[in-house]
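The block underneath contains the structure these notes are about, expressed in structure tokens.
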Amino acid sequence: MSISSKIRPTPRKPSRMATDHSFKMKNFYADPFAISSISLAIVSWVIAIGGSISSASTNESFPRFTWWGIVYQFLTICSLMLFYCFDLVDHYRIFITTSIAVAFVYNTNSATNLVYADGSKKAAASAGVILLSIINLIWILYYGGDNASPTNRWIDSFSIKGIRPSPLENSLHRARRRGNRNTTPYQNNVYNDAIRDSGYATQFDGYPQQQPSHTNYVSSTALAGFENTQPNTSEAVNLHLNTLQQHINSASNAKETNDNSNNQTNTNIGNTFDTDFSNGNTETTMGDTLGLYSDIGDDNFIYKAKALYPYDADDDDAYEISFEQNEILQVSDIEGRWWKARRANGETGIIPSNYVQLIDGPEEMHR
């Protein structure tokens with residue numbers, strides 16, 4: 001066995017959610033929406049506090065509660081900057097939204113008292129609180145919405161870090177993963193229809209769905225870097241590749257005829273998907289790779305593989321399966337970096353090819 005095969009590979013990239021929440025100013029500078037809106041808020045606050053001080057120093061009647069509103073707005077701006085620097089905005093979205101809503105009420109109340117008052121100094125103060133009210137309203141729209149909302153996706157598309165992960169999408173995706181382990185294909189179709197009817201279908205249109213697919217070629221464009229650079233393919237596999245292709249084509253044609261007679265309303269799956277933690281703008285062409293997620297019959301698991309290392313499935317990927325070291329798995333197509341496999345308990349999903357080793361060639365399909 002080569003030295004490279006003794007070293008356990010690491011096919012997964014670290015998730016964005018596992019970042020270190022230390023103080024970094026670049027977290028603030030990397031977000032154009034944050035730096036522009038907070039800068040405008042600071043300028044508006046300076047105008048409001050300057051006009052208020054000038055108006056109060058001339059013995060003019062000035063609403064006293066406005067002082068607390070101005071101080072509260074300053075604390076809100078400072079806390080928002082700290083949340084960005086520590087990368088904690090997604091963790092405190094509810095607190096941020098409610099605190100900004102309170103500041104919006106304070107500023108609109110102060111604007112009502114100052115806008116009809118006489119004097120240029122009070123006019124400056126009223127202009128400042130009106131600008132703060134507008135900025136607060138924009139903040140409520142942004143921080144009060146989910147990261148998957150159209151407005152948030154459009155705003156975050158200008159950020160260096162890209163679109164922020166959506167807790168709503170991630171929770172629904174993990175729920176699908178747990179449901180797919182213990183449900184029948186009929187129940188999975190009902191679950192997918194329920195998500196589609198609930199109004200969240202647009203959030204998952206880009207994800208590969210578990211629907212029938214009759215394509216047998218597996219493209220691994222989206223999984224570059226995870227390949228097994230030294231596949232341990234036996235000579236028997238190479239000798240039977242041509243025969244295997246003929247068997248797969250005949251089995252695929254038979255399955256397609258059967259599926260068409262049972263269901264005439266099946267639709268095709270889209271050719272692109274967005275990864276959970278991508279910037280949402282990069283479209284990865286999957287093509288026939290979606291065949292990995294289809295329901296393949298027993299006759300297509302024609303290889304056997306032995307697990308070289310234990311593997312824990314990623315909770316954010318509903319299609320990966322876990323397995324133990326030295327476990328024997330049944331594998332279908334072996335042309336991609338990720339193979340579709342089935343465990344002894346019937347659990348089916350995808351596994352990284354560099355975690356397993358083929359131990360058996362293709363079996364006779366009509367034995």
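If you go along the chain as it appears here, the first residue is 1 and each next one adds 1.
Keep in mind that glycine also has a Cβ here, set from the backbone N, Cα and C atoms.
As annotated by Swiss-Prot, domain 'SH3' applies to 300-361.
Here Swiss-Prot flags Ser166 as phosphoserine, drawing on similarity to another entry. According to DSSP, Ser166 (phosphoserine) sits in a coil region rather than a helix or strand.
The feature region 'Disordered' is assigned by Swiss-Prot to 253-276.
Per Swiss-Prot, topological domain 'Cytoplasmic' is recorded for 1-32 (among others).
Feature annotation from Swiss-Prot assigns topological domain 'Extracellular' to 54-65 (among others); the stated evidence is sequence analysis. Long-range neighbours of the topological domain 'Extracellular' (54-65) within the same chain, counting only residues 6 or more positions beyond its ends whose Cβ lies under 8 Å from a Cβ of the stretch, are 106, 109-110, 113-114, 119, 121-122, 124-125.
Counting residues 6+ beyond its ends, the topological domain 'Cytoplasmic' (87-93) has Cβ neighbours under 8 Å at 19, 21, 24, 27, 143-144, 147, 164-165, 167 in the same chain. The topological domain 'Cytoplasmic' feature in Swiss-Prot is assigned to 87-93 (among others).
Tertiary proximity for the topological domain 'Extracellular' (115-122) is limited to same-chain residues at least six positions away from its ends with a CB under 8 Å from its CB atoms, namely 51, 54-55, 58, 60, 62, 130. The annotation topological domain 'Extracellular' is assigned in Swiss-Prot to 115-122 (among others).
Positions annotated as topological domain 'Cytoplasmic' by Swiss-Prot, on the basis of sequence analysis: 144-367 (among others).
Within its own chain, the transmembrane segment (33-53) has Cβ neighbours under 8 Å at 62, 66-67, 70, 73-74, 77, 80-81, 84, 121-129, 131-132, 135, 138-139, 142, 155-156, 158-159, counting only residues six or more beyond its boundaries. Taken from Swiss-Prot, the feature transmembrane segment applies to 33-53 (among others).
According to Swiss-Prot, the transmembrane segment annotation covers 66-86 (among others), on the basis of sequence analysis. Within its own chain, the transmembrane segment (66-86) has Cβ neighbours under 8 Å at 21-25, 27-28, 31, 34, 38, 41-42, 45, 48-49, 52, 92, 96, 99-100, 102-103, 106-107, 109-110, 113-114, 125, 129, 132, 139, counting only residues six or more beyond its boundaries.
Non-local neighbours of the transmembrane segment (94-114) in the same chain are 63, 65-66, 68-70, 72-73, 76, 79-80, 83, 122-123, 125-126, 129-130, 132-133, 136-137, 139-140, 143-144; each lies 6+ residues outside the stretch with a CB under 8 Å from one of its CB atoms. The transmembrane segment annotation in Swiss-Prot covers 94-114 (among others), and the record cites sequence analysis as its basis.
Outside the transmembrane segment (123-143), and at least 6 residues removed from its termini, the chain residues within Cβ reach (under 8 Å) are 33, 37, 40-41, 43-52, 54-55, 66, 69-70, 73, 80, 89, 93, 96-97, 100-101, 103-104, 107-108, 110-111, 114-115, 117, 151-152, 155. Positions annotated as transmembrane segment by Swiss-Prot: 123-143 (among others).
The average pLDDT computed for the topological domain 'Extracellular' (54-65) is 82. In terms of DSSP secondary structure, the domain 'SH3' (300-361) contains 4 helix, 27 strand, 31 coil.
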